[in-house]
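Per TrEMBL, D-ribulose 5-phosphate binding site is recorded for Arg38, Glu39, Asp43, Arg151, Arg152, Gly153, His154, Thr155. Here TrEMBL flags Glu39, His154 as Mg(2+) 2 binding site. Summarising the annotation, TrEMBL assigns Mg(2+) 1 binding site to Glu39. As annotated by TrEMBL, site 'Essential for catalytic activity' applies to His137, Glu175.
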Amino acid sequence: MNQLSLLAEFGGPITRVENALQALREGRGVLLLDDEDRENEGDIIYSAETLTAEQMALMIRECSGIVCLCLTDEQANKLELPPMVQVNDSKNQTAFTVTIEARHGVTTGVSAKDRVTTIKTAINPNAKPDDLARPGHVFPLRARKGGVLARRGHTEGTVDLMQMAGLMPSGVLCEVTNPDGTMAKTPEIVAFGKLHNMPVLTIEDMVQYRMQFDLKLA
């Protein structure tokens with residue numbers, strides 16, 4: 001079965017987006033799939049604003065372990081986060097910055113609680129570059145201006161979802177993996193969503209939603 005057939009039980013594209021937005025407003029996670037001809041993977045996404053240590057622990061336990069903080073260009077610039085490498089030749093041009101750690105309030109920086117502390121520090125509207133140590137255990141990502149209409153990636157999808165939900169424009173993502181360490185594809189993502197009460201949607205759903213409602217996001 002293809003992606004569309006497997007997702008039909010979650011409703012059509014508009015319904016899937018609206019269900020995801022409501023879940024985020026309620027402090028729950030959502031599962032975002034990208035295109036089948038791209039990574040064809042699903043990420044757990046939480047609002048950075050409402051993120052809890054329990055939710056972080058779920059990501060560490062069920063996912064790849066590479067927990068990323070998706071930020072707007074403006075916030076990344078404010079924190080003076082340079083690119084991880086000078087020349088980005090990755091296939092999908094994923095915009096990693098240097099890794100970060102909260103300078104205060106953490107121990108080793110790797111526990112669920114410590115990673116949440118780092119994330120809350122980074123998204124604080126009054127955050128300063130010196131509030132963060134580099135390197136660390138949280139992987140910031142810069143979202144491209146224009147969101148999913150400019151780049152059909154999980155990073156842009158995450159920041160778009162937060163803005164569409166009326167939340168701070170920063171979110172946390174991690175790629176879902178199977179128990180054997182392989183990447184979870186659509187069938188496993190659907191099962192995971194049912195198990196953990198998380199709506200499932202796609203980047204294509206978001207593109208359709210934004211175009212239908214002419215949503216102009218930062």
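Cβ coordinates are placed from backbone N, Cα and C, and glycine is handled just like the others.
Because TrEMBL annotations are produced automatically, they should be read as predictions rather than curated entries.
A map of TrEMBL features onto the structure.
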residue: Asp43; record: D-ribulose 5-phosphate binding site; CB count, 10 Å: 28
residue: His137; record: site 'Essential for catalytic activity'; CB count, 10 Å: 19
residue: Arg151; record: D-ribulose 5-phosphate binding site; CB count, 10 Å: 19
residue: Arg152; record: D-ribulose 5-phosphate binding site; CB count, 10 Å: 18
residue: Gly153; record: D-ribulose 5-phosphate binding site; CB count, 10 Å: 24
residue: His154; record: D-ribulose 5-phosphate binding site; CB count, 10 Å: 29
residue: Thr155; record: D-ribulose 5-phosphate binding site; CB count, 10 Å: 26
residue: Glu175; record: site 'Essential for catalytic activity'; CB count, 10 Å: 19
Rounded inter-Cα distance in Å - Thr155 (D-ribulose 5-phosphate binding site), His137 (site 'Essential for catalytic activity'): 18
Glu175 (site 'Essential for catalytic activity') and Gly153 (D-ribulose 5-phosphate binding site), Cα-Cα, nearest whole angstrom: 12
Candidate recorded positions Arg151, His154, Glu175, pick with smallest Cα gap to His137 (site 'Essential for catalytic activity'): Glu175
Rounded to the nearest Å - Cα separation of Asp43 (D-ribulose 5-phosphate binding site) and Glu175 (site 'Essential for catalytic activity'): 4
Inter-residue Cα distance where the pair is Glu175 (site 'Essential for catalytic activity') and Arg152 (D-ribulose 5-phosphate binding site), in Å: 16
Cα-Cα distance linking Glu175 (site 'Essential for catalytic activity') and Arg151 (D-ribulose 5-phosphate binding site), given in Å to the nearest integer: 18
Three-state secondary structure, which DSSP defines for Arg151 (D-ribulose 5-phosphate binding site): coil
